[in-house]
């Protein structure tokens, strides 16, 4: 086992741990292949178990022979370890650095994790494309499942099974794939049962500078239009960026070749701009010294909320096209793996009541993020504290979760899950014992044999005992489309995630508990009353029977 | 009325603030107390009522082809834009409103004509609901250290103070009068709050007339007496809530602050809260941000920062926290003053009291707190809120800031307050509405002279009567959060203070969360209560039947009544929400008129609610999208709209807020 080589000092005594909201604890620090553990050996103090993969960056300091390691986690928590002995401290620090940046995915914890719970439902099979397809195949016969990508040859980032218009055969799909970025030909993302309109997504068309066209591509997307109807193409880049993309072989749909489609450019930022934004925001949240005005200006300068507003606005526009204009849409940016997915998935949250339930939301993540090939491995490799910035790191998924939280805040009774559910998903996307978010697409996951070798997050989450902590007590099924406000006044900072370690949530937690109590008590009474009513009814009929003969 | 040049104008357009192209056509009426706009649309006949006293500014805008636009900004943050077709009507309305919005005599104010159909006895009872002598008793006064002084009988010493004042027992009339001569407007140190647990107190006064070197033996003795009234501490904090620079500048005018060398055993402290002029400008700037049409996130955050509003809120909170800590943790008494001791001093004393004493966090206690620290101690309501036409430089959102501080605390301690956000919003509304007599005039003396209690009604009684609408469902008297002092973190948590869109954008309903957790929980609690009753009745009946059956007697039991209770369906009365303009400047969605407004949105209410003055209510009844209105399950059971005034008067937005 290679881990032993990386751990020079597996154990240090008399280490003092400082972390938010807990008194300092002295205890023994142990390093294992995947965890950093601090145990005080006292019953009443909580131990620290930290996944190495959750560590984003570390700093070390020395005062005399007392070393201090500051550990900055991907979930934004900062903890401090005071370690006596310079050598021990240096050893620990270098081990942590090595263990938290393992190159090989197969060395990650999910490959070693053995669940302590009994698996009732295997999450790897909870959301199969065939089952998802059945949900709307009763309403329409215009779509079919295609297995054209079953060996990932047509599109490396697509799953083996995709939904396409029935009238388009696999041969045509292969041709279209050559005309779309990364082979990502237009596929069905969402079918709006109310009016039969659809959201499709794809990569950018490879028109290049000489305006290349692809008849099959035009035919494919036109096949989704009703006679005489127009559709909208939402390009998540600005017109300028889209035009520049032509020089690199990319481009956008030209009006002349797509006369039935109207193009809308809704610019959403990408990559390092988002990563920088996150870094600045977390820095502002951690800065305890500045005054009120500096706080607001730093919040503003981070641009995080600007991105939230942009993404939500694009999603609302997409939903509006579908529900209000009665028009189908195609969404893409460049690759179609980031902003595209933010928009398609948020539009579904707005339009589709099912996606606001726990299972529906899980299915949405499975379909629109995991299967759709959002490169989690790349995007979530590092978080807000990392110094070595890689171009492909970006909090795309976190922005999506933040947007969902914004809608949840505006419609607190319309979601079956609560804020904790979103926070949990954020944590697992960045560091997890489960295999769900490993790899960049289905093809990689297949090669890694994740289904056989790791446990699915959904297997754990969907146990009744676990679900209760993620269930929103206020939930009342709401079958309507919900239109969020995107005014700046309506989009506050998500404190539950960004100020989580900077302010005590004691009073807010108490309020949540009180809310649960109020509702639980009501349900309890309801049940009691129902039982009594039934009893009474029975007695009264007995009464009647006794009387009647 | 003489000031109304034209009582009725037809074919006026009420512009939808959200999508300006959508304007409602209707008739505008000017009455002695209200501006009323009634939509022509026969199926809604929606009415918008604006009280003259709520009007803050009236602005004539550039005439367009459709007519002459008039922009009315209200003190409760409502903004109304009317387009009047004829230039002459336009001018008449403008001139009339200018006059109507600025009454010169108290008798012109609405409270003198407002009649909620209560008899004399009910009115009198309303005025004794909040009783300050009872409140001082509750604090444990008078006692060994503090006594009620009659020195200000007939307002002989200080005309802006009440007649009933508590002072240290050792402070003789001589000391009081001497001290009063050494204080601005003779506002000598008196008790504001007494902390039973450790005898520490919060006292208030105006600045001393110390200039560069003046002293006053009696004033020094007065502070000494305050110290002695607290055996637990050997010093008194003197908190000057002004920025040091302002206080020093006052010395040149013969005023200033206490010199630590002259007063024995005081600890002097500046807490820089800015003056009323800075605050007025700050609010102005913030409201400009709120008014922006489709601002970007940067516009908004930058504007909010630039207004300095939250910085000021934090300064007031910091002062309150400092005092609460001094009293509860150090056991030291505190004397608070600013310049005149009626603005910043009132803010800070009441914030500190609220932190210290759970009683002030109850519905009744909060009314008492405002009555005590604001009304009785001569906060100049008339000047600050411009009830009568006066010097615009006197106007300042002093109590608005206090109300916001309470909201900020409610956000931090969701279970600690018996009342909800709506309570605060309605109090703010009525401070400006002049519908009730409570907030009239600048002092108790003026109010007595005007015989306010005999001629007007009390807001407190009105709020108390409708208290079911103002309850916080998360409040529980035995909850740990409701006990004792509220402890805020000591670290400078700037992010604790947030923009209050529920207040400053409250007429932009689309910006607010579309489902109210408060209303939902209140409905659940109400149902729980019904269930408890039903459970009891069922158990009783069951027992009876079982007994009867045991006795083998056949008694025909009454058919069980079909229960009216049908679980929790929230199907009717739905507020639908419609998409706003998400397409920005794109001309791509021709079938909808794209609006500039970022805010949404047509909220659909039922007929009943359309009568209210809410600018967001649109007649577009699209029931298929949107969200069930949870507020319809308000504790009142949806039977009555707790409108602010017996149906006759629809000036306020309340009817919408409480959606029947």
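Cβ atoms are placed via backbone N, Cα and C, with glycine included.
Neighbours of residue B:338 (active site, phosphocysteine intermediate), defined as other CB atoms within 10 A of its CB across all chains, total 28. Taken from TrEMBL, the feature active site, phosphocysteine intermediate covers B:338.
The substrate binding site feature in TrEMBL is assigned to B:275, B:276, B:338, B:339, B:340, B:341, B:342, B:343, B:344. Note: residue B:340 (substrate binding site) has non-local neighbours B:184, B:185, B:187, B:206, B:207, i.e. same-chain residues 6+ apart with C-beta under 8 A of its own C-beta.
The average pLDDT computed for the coiled coil (B:521-551) is 90. Residues or ranges marked as coiled coil by TrEMBL: B:521-551.
What TrEMBL records for B:566-596 is compositional bias 'Polar residues'.
The compositional bias 'Basic and acidic residues' feature in TrEMBL is assigned to B:641-653.
Feature annotation from TrEMBL assigns domain 'Myotubularin phosphatase' to B:126-504.
Marked as domain 'Tyrosine specific protein phosphatases' by TrEMBL: B:307-351.
What TrEMBL records for B:554-660 is region 'Disordered'.
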- [ ] Using all protein chains shown, find which of the binding-site residues B:275, B:344 scores highest when you count other CB atoms within 10 A of its CB.
- [x] B:344
TODO: Would you mind listing, in sequence order, the residues at least six apart from residue B:342 (substrate binding site) in the same chain with a Cβ closer than 8 Å to its Cβ?
DONE: B:160, B:187, B:206, B:377, B:378, B:379, B:380
TODO: Looking only at C-alpha atoms, tell me how far residue B:344 (substrate binding site) is from residue B:338 (active site, phosphocysteine intermediate), rounded to the nearest Å.
DONE: 6
Task: DSSP-assigned states of the domain 'Tyrosine specific protein phosphatases' (B:307-351) in counts, ordered helix, strand, coil - done: 29 helix, 5 strand, 11 coil
Task: Rounded inter-Cα distance in Å - residue B:338 (active site, phosphocysteine intermediate), residue B:275 (substrate binding site) - done: 9
